[in-house]
Amino acid sequence: MPSHSAAAFSATPSAARDGYVVAVRGAIVDVRFERDALPAVGDALVVTPDDLAPVLAEVQAHLSETMVRALALQTTAGLRRGTRVQAPGGPIETPVGEAVLGRLLDVTGATRDDGPALPAQIERRPIHRAAPPLASLKGTSTLFSTGIKVIDLLAPLAQGGKAAMFGGAGVGKTVLVMELIHAVVERYEGISVFAGVGERSREGHEMLLDMRTSGVLPRTVLVYGQMNEPPGARWRVPFTALTIAEYFRDERRQNVLLLMDNVFRFVQAGAEVSGLLGRMPSRVGYQPTLATEVASLQERIVSVGGVSVTAIEAVYVPADDFTDPAVTAIAAHLDSMVVLSRSMAAEGMYPAVDPIASSSILLDPLVVGEEHAAVATEVRRIIEHYRELQDVISLLGVEELGAEDRALVGRARRLQRFLTQPFAVTEAFTGEPGRSVALADTIAGCKAILAGECDTWQESSLYMIGTLDEGRQREAAAAQQSTAQQAAPAEKEPAA
């Protein structure tokens, strides 16, 4: 597909200033201009080789009165010294408006699907802008229902808030985000914007096909900067997606659901760019501007004037180290943290959400109500006490515990299994239809288990179900089967 990167800005031709390439070092391009034509830091540049598609770059530093250092957002293969460079006179811009709905865009706003080109006169907006002033922000106290039991109960999301799924490799972050897309986007009345940041092209293709199949694509914008693209594209693609979300919030007065997978790749791309620009690394090799870069993205995700942008993000945790500087920098901006546990994934407890480590600022009686807060607190207390007893159980066995502790262990194990549920996005692999559970049913089920109503049930009756009624049916079927087996006539002894 031809590149449309030269259309990633809307400056008039008369405003353009010409320079030429003096050095190319990977994704870094040094460009010389006339003394009075030096572009500003953050401005877009278009490198226009004679025999290749134009390459979009962004000014990162002034090296002298006539030279700038720019970061290319597309491959620099084939560029050479002396290549002409245009400075249109403004920052990188992305197309916004109704025309981008249902489309797949890249970091420059160019279409990357099989649809027609965007209208030539489409409105464009700079991808960099200041966060709204504090006085204009709206608080976040309305629950954002997901239909996922463990999240709605223990780490509820806020309408207009920021939530993230934290986890190492292979614990189910992307599956959880895709289930949220399936469960939430289909019944969401606003606009959805998905930013694929540094993830696999295969996953991006699958998501595009899934959205087409489910019929939600006409109300969704997909913006991809995939794993194979230069660090500049992965570093800037979240801002392109966020700019589109801000347009629908500010101009169309529509609530927006912003999904990002994976925010860690944004930080990782920033570290690559920092190294390419020759900056001194900080802790663990991250860029010295880590906190500033994360804040420049997260602080723009806000609700303004009664219209919300709700963000759900996936965050890769390198080596399962939750003290990693990138992870802690991202976590500082969130309202809800959903932590995925490798040990729970190993036990088959999907979604592998850690009920103790996950948290939300909304889990307060004044926000969620007394009943919800009390049930969530008791569920956490029992599961935490069960974990404290696991060493004793592994050494001596559960029979050595007191009667009260044995009952508590049984309820904790049943709670863990009740908080699992099959997902719609995994139905093709498991054969089990997905379940979406109302919060009231989740609370009622947990209350029944906490009260001991399920103490005699088989644990398997509560595994991978929706509501407690489904578990009750399983238990009744198991009891009926057991009775039938006991009542079956014994086999006749062979004749002597």
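Just so it is clear, glycine is given a Cβ too, placed from its N, Cα and C backbone atoms.
These numbers come from a predicted model, not from an experiment.
Copied over from Swiss-Prot:
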- Gly167, Gly168, Ala169, Gly170, Val171, Gly172, Lys173, Thr174: ATP binding site (BINDING)
- 476-489: compositional bias 'Low complexity' (COMPBIAS)
- 474-496: region 'Disordered' (REGION)
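A Cβ within 8 Å of the Cβ centre of Gly167, Gly168, Ala169, Gly170, Val171, Gly172, Lys173, Thr174, the residues given for ATP, is found for these other residues of the same chain: Tyr316, Leu340, Ala345. Within 10 Å of the Cβ of Lys173 (ATP binding site) there are 26 other Cβ atoms, across all protein chains. Note on the compositional bias 'Low complexity' (476-489): residues 458, 460-461 of its chain, located 6 or more positions outside it, place their CB under 8 angstroms from a CB of the stretch. Counted within 10 Å of its Cβ, the other Cβ atoms near Gly167 (ATP binding site) come to 27, all protein chains included.
Look at the compositional bias 'Low complexity' (476-489): DSSP puts its residues at 12 helix, 0 strand, 2 coil. Within 10 Å of the C-beta of Gly172 (ATP binding site) we count 22 further C-beta atoms, all protein chains included.
Set side by side, the binding-site residues Gly168, Gly170 differ in how many other CB atoms lie within 10 angstroms of their CB, and the most is found at Gly168. Set side by side, the binding-site residues Ala169, Val171, Thr174 differ in how many other CB atoms lie within 10 angstroms of their CB, and the most is found at Val171.
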